[in-house]
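Residues annotated as transmembrane segment in TrEMBL: A:71-92, A:112-129, A:149-167, A:179-197, A:226-248, A:260-279, A:307-335, A:347-365, A:371-395, A:407-426, A:438-457.
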Amino acid sequence: MSIAAVVVVVLAAILIGAFGIRMSRTTSDFYVASRTVSPLWNASAIGGEYLSAASFLGIAGLLITYGADMLWLPVGWTGGYLVLLVLVSAPLRRSGAYTLPDFAEARLESMAVRRASSVLVVLIGWFYLMPQFQSAGLVFRTITGAPEWAGGLVVAGVVAANVLSGGMRSITFVQAFQYWLKLTALAVPLVFMLLAWRSDGFPGLPPGDPWALPLHGREHPLYETYSLILATFLGTMGLPHVLVRFYTNPDGRAARRTTLVVLTLLGAFYLMPAIYGYLGRVYGLPATDTVVLTLPGRLVGGVGGELLTALITAGAFAAFLSTSSGLTVSVAGVIAQDILRGGVRSFRVATVLAVVVPFALAGTARSLPVATVVGLAFAVAASSFCPLLVLGIWWRRLTTVGAMSGLLLGGGLACAAVLATITGGPDTGWMGALLSQPAAWTVPISFAVMVVVSLLTPSRVPAGVARTMVRLHTPERLNVDRGDWRPRSL
Amino acid sequence: MTGKPRRVVVTSPRTAAARRPRHPLTREIDEQTRLGEVYMRSLVRTQFRLALFVCTLLACLVGGLPLLFLLVPDLRSAQLLGLPLPWVVLAGLIYPAFIAGAWLYVWQAERNERDFADLVERQ
């Protein structure tokens, strides 16, 4: 029955992709769509793209493994939008930037910084895509017994085909629907499982079980908790597939309101993985990413359990497909525009590159829990784009050289730590903690380098910074000169 | 009823006129005069102060919780309504707190922008 659910979701994705062929996906289409899309739809679309396998499956798995400290993961993935709201959302929309490299170019007036941003977008996208494919493989193996690469291949293939045909992405309503599908796919089984839990007489944890206590279960719990908090709260704003959606807001004010709704939708969703984790522990399920899938069978059982498992499987594949296509479009767009020569042909090559590299990585890297690897992508974003956005929006004295050195050093160090972790670096001791949770040292380095180098190179402040500040901060109803910079359309 | 009506000198304190700048303020901003820059900097500073205020509150809440659990170990195993306290906070109460903070921020940020736009357009 679960196989049928996967087939339905995959077929629906292909059909929607085929249906969307005639819908072109240019920046102006987004702009036109923005006039009709309300904050609720827009926010649902952001939620649909944002909630990946890591949220849907990964959190519960990590909770069972490490205990209460992992509750910070969903807290950070939601709270990141609060930081994004107050520091970035309205000015970012007003900048008119369509991608992170666009913002870098608009603010710093430098092609070099633009190119550095492009490389980082591609790396973050690949680090984020890789665990999606690995996770798809794991789920596919659990329900069919197929080898691990098969599920990843299905997802990679469908995403590549869809993006190449130009569909899927431009349809805000499809992504919005994905959010509500994922919410339902976790909520309905949860209701039945809570009923089953009640009829079992509310079994709890054995008294004195340290699993439920914070600061327990890892070697350096305090450092790792703080590092996780920094990575997730500051990394959200630097994710390439989130930013594009802000362009769909008609103005800065709508961008803020959309973010507020996103926060509410994510808060509602993230109440559930914790309960899955708790029940999984109570019923003694093994600590893997598939715990969400196996739990209904264990608690409810029978045909009902199978139906619920099928629903969760459908939600999981919706998560793989929506996040992966959002990321693939963003990564392919950046590769085509900034690394290849641009144009439709480049976009095709770029799409293949955007999917094949993380798929190959998924096969060769060691398999870590999906939420851990996604957390690493957040750490890279937090140590590169967070300082670029925050200083770029609020600090006039940021210089081209400063931004460039911060991006290279902060982003570079974080990427090195990620590569060391996924290829099998040290797992234990301080070295292991520093490499598997790099944000606590790479984020301060990146901020410090950007500020200090900027102060040392005052002559390299971009010439149009005053005009850019007007553009970023003045409300749209004022009729002022905002400069004539426009993002290059694909 | 003889003679011309008495002449009256009509004067005005002209207070409003005296304060009116020569150009509309949007033009001061467009031409990046010192006055326009003063207005722009005040807008950016007001919004930044608000953002910083919310971020500081958030940092105290989010950064304070692990520290609290570290320094007061009893809190780690405390119970609230029969559930472990850290779970009630981290898997429940913190989300409405985020939403409340976000809502207040949006309200205040929009008010700041309205005030700025009114100020610039009134002139």
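Keep in mind that glycine also has a Cβ here, set from the backbone N, Cα and C atoms.
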Segment proximity, the transmembrane segment (A:179-197) to the transmembrane segment (A:307-335), 3 or more C-beta pairs under 8 Å: yes
For the transmembrane segment (A:438-457), sequence-distant contacts whose Cβ falls under 8 Å of one of its Cβ atoms, 6 or more beyond its ends: 223, 226-228, 230-231, 234-235, 376, 378-379, 382-384, 386-388, 391, 395, 397-399, 401-403, 405-407, 409-411, 413-414, 417-418
Stretch with greatest number of CB pairs under 8 Å, the transmembrane segment (A:407-426) reference, A:112-129, A:149-167, A:179-197, A:226-248 candidates: A:112-129
Close approaches to the transmembrane segment (A:71-92) from elsewhere in its chain (Cβ under 8 angstroms; 6 or more beyond its ends): 50, 55, 59, 62-63, 103, 214, 225, 228-229, 231-237, 242-243, 246, 252-253, 255-256, 258-260, 262-263, 266-267, 270, 273-274, 371, 375, 378, 389-390, 393-394, 472-473
Leading stretch by Cβ pairs under 8 Å, where the reference is the transmembrane segment (A:371-395) and the options are A:179-197, A:226-248, A:260-279: A:226-248
Distal contacts, the transmembrane segment (A:260-279) - CB-CB under 8 A, six or more residues away: 39-40, 42-44, 46-47, 50-51, 55-56, 59-64, 70-71, 74-75, 77-78, 81-82, 85, 179, 182-183, 186-187, 190, 193-194, 197, 291-292, 295, 299
Highest-contact recorded stretch vs the transmembrane segment (A:347-365), from A:112-129, A:179-197, A:226-248, CB pairs under 8 Å: A:112-129
